[in-house]
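All remarks here apply to the structure that follows.
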């Protein structure tokens, strides 16, 4: 109480006339209590045995505890589940089988060399998964161990962890604390049991919601709860955030419960010192958790396609093994024909089953198994572990990118999981929350129109982005040296208004009434710091707070509210002094989405009764009196200008009421409020509608729904990159334009259920008829939208925006309509789903993901976005100031939406290209190596003997070829970050999957076969007959194998050098180092005892190193093998360049600063369905050109 708040004992029931109910009454919904879906029984502050003789079988101990878990694994299931994750990869499963077979006599190599690489791969991956899940576990522990005061058996409140709460407990939650479970509000620090709740983590809205407990419990204080007992029946756990049906038996009376009494977990208590509540739903039964889904096991599309490629390699592997075995069986059968031994060295007359001519089919079968193990080097076992290493290193670069570090909150980007790095480069659709994700959760009063004159010299974010795009200069008044310190909610500057200068304006009286209205027409509550005398405001919405602050800064300071009055200090035009004015508060006619306006009726000190109203232009202009439209034309023009600048506008008007007229209104209004019929809301609206007419226009306000820094430019770049953006928000429809999603000439298709027919049925209360009519209406509207698109299909420049609310979306997502809805949505440039629930966000995301087959990205900042983030292919959590639920369930966390531009266009593009190139190169190098084994088998009549030494086979993928490809995956860049951002079209390579489609994959595989064939035949033919050295010795398997292996190592590493676009010192070291390591290994391994080194004993030191033909052959074979790739690459870049090659050419030719060339390249990024400031500018230019041509024609 140090701040001396003066509103603690304030009754709010007279202020919030619409929301605070009277006596609790049952309605039709409550008749369902006790039936299926409505069977929950809660014994509040009562031991379960009290009701053991009750007919109810439920007790509080049967319900879920309050522990929440977002982890993928538990201690019990980590090993089996993680092993399943690893061995569902077909390559790992294959190597498991071959590893087991390597312990048999069929193996062409030792068991250790086969099983050790698999163990290393699986262990490394499991350790990585475990570490990532442990981070989630720590975050869960932090949430579960938050503290709250709970009523103990002694009758006192003591602090305990959230995880200890049980259904039926009574808790005390203090200001600015989160609710630990779904609570039934009993009483609060206000005498009529009201409290303010912020639900941003649930529905994304920052405006405060008013909740009120039952009158019967409103007087309970802390010392009263030791004897408090109650018996509650209510609905079962469900995901609907906006409904609650139940009843409470207290003092032998039954009272109906409604959503007005329910406080949801993860919402926050605001502007209220404390509340007392009974726990109704805990843990995974709470509505916010019911709206989330289990953490899925996500795999990238590239990884899934990689599995398909490996299936192809398996097919080739089995085909080679089968064909070889058939030939082997035929040859073996003919080995002993008429007692003549063809392959006498195999002793077919005294052979084991593996070479027995009498059992040739069995020999062929066993040879097939041997061949499968031998050719298994076709399958890159180190591919998965190399990708894991690369992804971890890529994640480190993402985490350490200084350009994605938010200094204000000290939060860098954080890749929570590294599994999906390459998916960041393939995003086709972004599904974004609005409040807190695109916006800063703050509104700023920036401009206004009063008496037909525009005031305010501020520049909005949208205007700044447009000016930068157009290359125009503008005076930034906000950053001028004379500018005062910034004030939250107030970004207005105009010397004609500020510092009392408004009194000199021609319409000073209108200006005074304008700001007086802003100071009075609201439901905000002032907080006065008694030490400094400064006033701050708690408001239901940030725009309402901005209005009150604006009035205060101009000279109309609202400082006190009582149950029946408002007091302000206002500047007196005559004395130029602040004087105190007190207005008697008679009525508040609240804002809602149907009325689109708010009014207060007050009596001033002169006894005049004034109706002060502010609302949307769509409903306000029609309510003006004929003599109150003096400034209508100019005001309307200004409103359109403000909308173009991305501002939210409200029209201000007033009316002076006569005493008799007001008394008649008040009688009808009181009667309507006290009505207990289903027509109550309709009656209130009709009475309000009648009084809110014949008003006099004062002007319009322009509020900037403050976007996060860089959002318009970010959306512009993402749109140019070919990414579609959907906005899924729990907020209202307004202000889509200010985030760059609507532009000039764009037609809006609005799907809603706010029709006279539906409203009429809702009054009747027939739910079946309402449902049927709603379904038919949505189906008809979707069909009409499709017809509009079809009719405009011939107009290349026409773009559409689809806007749909949550109520309509419920029907649009039904099985018989969801395809029509998606077809319509995907044909539109902008899609805005408003007033959607968290469950609907997840369902829409799932629909887009599965029906389009494209990569989806969900981005949000609150608990209401968790389902969407988990359902999307990639979930991006905004690590904002309120809550960490989104971050905990995300794949990547960033501090600001604008960082998405760099995350996708730079890191996403690089990661996609690196991983794609890396995988293709892996297939190439393994085919180049593995196919030489097959060719040698053919050459040796499928003897089952490998061309290379056992450890040559095992270490090829470990030391001699894998390290350079890891460097490729971590460091390679086709273009720099600057060019990635400058030419967003580069990103389309990922969206269109150009680099990892079947064409490049097969091209690399064919390149591998060609390389293998050249290496084998050139080496084998060069050594076939003639002497190999001066001693006249011919080449045996040891010399041929070592020579071919040397050529393979040289070729695959130099091939890597040709494929790299951006060399670093590390890549040079690893490429040339891999070749050097091969020679060092050959020397060291050959120097070991022959019993260990086998046919590699001294093969290099005594034979190869001293033989010139060896060096000449290696040089010739390597150059010849690389020629096909080099030729193909040169021809492709010359005649069929890809996006990145075009930009590389621009950079090479020094054309990157040439406006003509750059404009030509960028123009390919713009399409009629593109949104953002660039597309808006292009559309406006096209529109003006069209008008000009039409004028010329006339």
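Including glycine, each Cβ sits where the backbone N, Cα and C put it.
Residues annotated as compositional bias 'Polar residues' in TrEMBL: 1180-1194. Summarising the annotation, TrEMBL assigns domain 'P-type ATPase N-terminal' to 53-114. Look at TrEMBL and you will find 887-1137 tagged as domain 'P-type ATPase C-terminal'. Positions annotated as region 'Disordered' by TrEMBL: 1169-1194. Annotated transmembrane segment per TrEMBL: 109-127, 309-330, 364-385, 922-942, 954-975, 996-1019, 1039-1062, 1069-1088, 1108-1128, in sequence order.
For the transmembrane segment (1069-1088), the list of distant contacts is 949, 951, 955, 959-961, 963-964, 966-967, 1042, 1045-1046, 1049-1050, 1053-1054, 1056-1057, 1096-1101, 1104: same-chain residues at least six beyond its ends, Cβ to Cβ under 8 Å. Here the transmembrane segment (954-975) has long-range neighbours at 109, 113-114, 116-117, 377, 380-382, 386-387, 389-390, 393-394, 397, 910, 913-915, 917-918, 921-922, 925-926, 929, 983, 986, 1045, 1048-1049, 1052-1053, 1056, 1059-1062, 1064, 1066-1067, 1070-1071, 1073-1074, 1077-1078, 1081, 1140, 1143-1144, 1147, meaning same-chain residues at least 6 beyond its ends whose C-beta is under 8 angstroms from one of its own. Counted as Cβ pairs under 8 Å, contacts with the transmembrane segment (364-385) are highest for 922-942 among 109-127, 922-942, 996-1019, 1039-1062, 1108-1128. Counting only same-chain residues 6+ beyond the ends of the transmembrane segment (922-942), those with a CB under 8 A from a CB of the stretch are 309, 313, 320, 324-325, 327-328, 331, 343, 367, 371, 374-375, 377-380, 382-383, 386, 948, 956-957, 961, 965, 1001, 1004-1005, 1007-1009, 1011-1013, 1015-1017, 1020, 1041, 1044, 1048, 1051-1052, 1055. Contacts between the transmembrane segment (1108-1128) and the transmembrane segment (996-1019): present, as 3 or more C-beta pairs lie under 8 angstroms, all at sequence separation of six or more.
When Cβ-Cβ distances below 8 Å are used as the criterion, the transmembrane segment (109-127) is approached by residues 82-83, 86, 92, 95-96, 98-99, 102-103, 373-374, 381-382, 384-385, 388-389, 946, 950-951, 953-954, 957-958 of the same chain, each at least six residues removed from its ends. The average pLDDT computed over the domain 'P-type ATPase N-terminal' (53-114) stands at 76.
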